[in-house]
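Have a look at the structure that comes next, please.
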Amino acid sequence: MVFRKPPDGGWGWVIVVVSFFTQFLCYGSPLAVGVLYLEWLDAFGEGKGKTAWVGSLANGIGLLARLGCGLLYTATVTITCHYFDKRRGLALGLISTGSSVGLFIYAALQRELIELYGLDGCLLIVGALSLNILACGSLMRPLESSDSLPPEKTCVNKVPDQYFVYHEKEKTVEENISILEKGYIDEKCVNNMPEYKQDSILNKNVLSSINVNEKDTYKKKVVEQTNFCKQLAKKKWQLYLNYWEETVVLFKNKVFSALFVAILLFDVGGFPPSLLMEDVARSANINEDDYRMPLISIIGIMTAVGKLTLGILADFKWVNTLYLYVTTLLMTGVALFAIPFAKSYLTLAMLSGVLGFLTGNWSIFPYVTTKTVGIEKLTHAYGILMFFAGLGNSLGPPIVGWFYDWTQEYDTAFYFSGFCVLLGGFLLLLAALPCWNACTNQSSKLPPNTYSYKVASSA
């Protein structure tokens, strides 16, 4: 399917606005779950590892609400990529700041709601606010493909004739008149006959219709419905096979395979700070009077700045967005290694700001995915990547919490987190090196709108 040329504006700006508010309402509270994490620790009285499962499932694969958020995130990103090309980095940066602004606002809002209405009342109000996503979704219109046919008046015309149980052709006026006249003559002849002859003729007609017409109609109905079910099952099975064939083709792309590993490791190691940073400060015995602003709010506002800045950088022709993304991964790993050395509110606030800015690489991640697999396969590829990102979100905080329960300090946990992010960054860097194309000489076979990863290539 070939999509129409992105308009880079027009209704696309409406898509940007509603996608911003969708991510604001959908991800604001889950990303600010660090505020709720302290309440859950006090309410449940369990270890940090077990309690962290609550927050991680709120941001990971989850069941009900998180499943919906995952679908919403993929939808907002893919529809924005379809509407924008030259300004894609800016558009993605704008919509992705919705979750960061939501994190900043929900962090303070949830604290106030907990003080006023308690934990249960806070969650009820946050859930009610999320219903506004329905209004945002009503304004999203998919960009039609250039080879799509004009819509037909009815769906019945699309169904082949052999799938109809009764598919008599419409008769003309003359045919209908002749049938009526024939029926009138037959009825007149029957009425002129003696009564016993009329009964015998009627009985014969009834028997013949039962023995012939109904049997033929029933057999015809069974055969046609059987064929219809077989064709439908065959078509669905072929779609299923095509999906898995396309998935295998995606993973044959070295960059995509490395991207899948990198996003998994990044979320295992990079997400815990947003959930646990408040508890890190409390475990370091930092005086509450030194708190000028919640650390989670600092992460939120700097993430918004990072998403906008990185998104704008991605639109410059001289910037290779893949190498830019790898740089953010490596710097995130270094920042995570530095957390155990932070023993004051100032240093933790600075590291929270750095981590928040680097986490803004989410705005260029769809851009990198699009350039890697092409716009036609973006929805398929991005869905796979988001599944493993959610899996990493779910596993990261409990692992860090278990490290704390085991060692009674966060140092080892954040060393592990930093190692995971650095490993993913180095693997992606190795997969994107230009020497691979020089060795395989396949750069000319790549589809359009995908990276060739030459030294002078740009996103």
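Quick reminder: no glycine exception, Cβ is built from N, Cα and C everywhere.
So TrEMBL says this about it:
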type     : residues : note
TRANSMEM : 12-37    : transmembrane segment
TRANSMEM : 57-77    : transmembrane segment
TRANSMEM : 89-108   : transmembrane segment
TRANSMEM : 114-135  : transmembrane segment
TRANSMEM : 255-271  : transmembrane segment
TRANSMEM : 291-310  : transmembrane segment
TRANSMEM : 322-342  : transmembrane segment
TRANSMEM : 348-369  : transmembrane segment
TRANSMEM : 381-404  : transmembrane segment
TRANSMEM : 416-436  : transmembrane segment
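Quick one: where do these features end up spatially?
Using a Cβ-Cβ cut-off under 8 Å and counting only residues 6 or more beyond its ends in the same chain, the transmembrane segment (12-37) has close neighbours at 6, 51-52, 54-55, 58-59, 66, 68-69, 72-73, 76-77, 79-80, 83-84, 91, 94-103, 105-107, 110-111, 114, 119, 122, 126, 129-130, 132-133, 136-137, 139-141, 274-279, 294-296, 300.
Outside the transmembrane segment (114-135) by six or more residues, the chain places 21-22, 25-26, 29, 35-36, 39, 43, 65, 72, 106 with a CB less than 8 A from a CB of the stretch.
Outside the transmembrane segment (255-271) by six or more residues, the chain places 56, 59, 322, 329, 332-333, 336, 355, 359, 365, 368-369, 372-373, 381, 384-385, 388-393, 395-397, 399, 416-421, 423-425, 427-428, 430-432, 451, 453 with a CB less than 8 A from a CB of the stretch.
Only residues 6 or more beyond the boundaries of the transmembrane segment (322-342), in the same chain, are considered here, and those with a CB under 8 A from a CB of the stretch are 255, 262, 266, 269-270, 273, 280, 284, 310, 313-314, 348, 350-351, 354-355, 358-361, 364-365, 368, 371-372, 410-411, 414-415, 417-422, 424-426, 428-429, 432, 451, 453, 459.
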Quick test of the contact rule: Cβ under 8 Å, at least six residues beyond the ends. What residues does that give for the transmembrane segment (416-436)?
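Result: 254-255, 257-259, 261-266, 268-270, 272-273, 322-323, 325-326, 329-330, 332-337, 396, 399-400, 403, 451, 453-455, 457.
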Cβ under 8 Å to the transmembrane segment (348-369), counting only same-chain residues 6 or more beyond its ends: which ones?
77-78, 80-81, 88-89, 92-93, 96-97, 99-100, 259, 263, 270, 273-274, 277, 280-281, 284, 286, 292-293, 295-296, 298-311, 313-314, 321-322, 324-325, 328-329, 331-332, 335-336, 338-339, 342, 378, 381-382, 385, 459
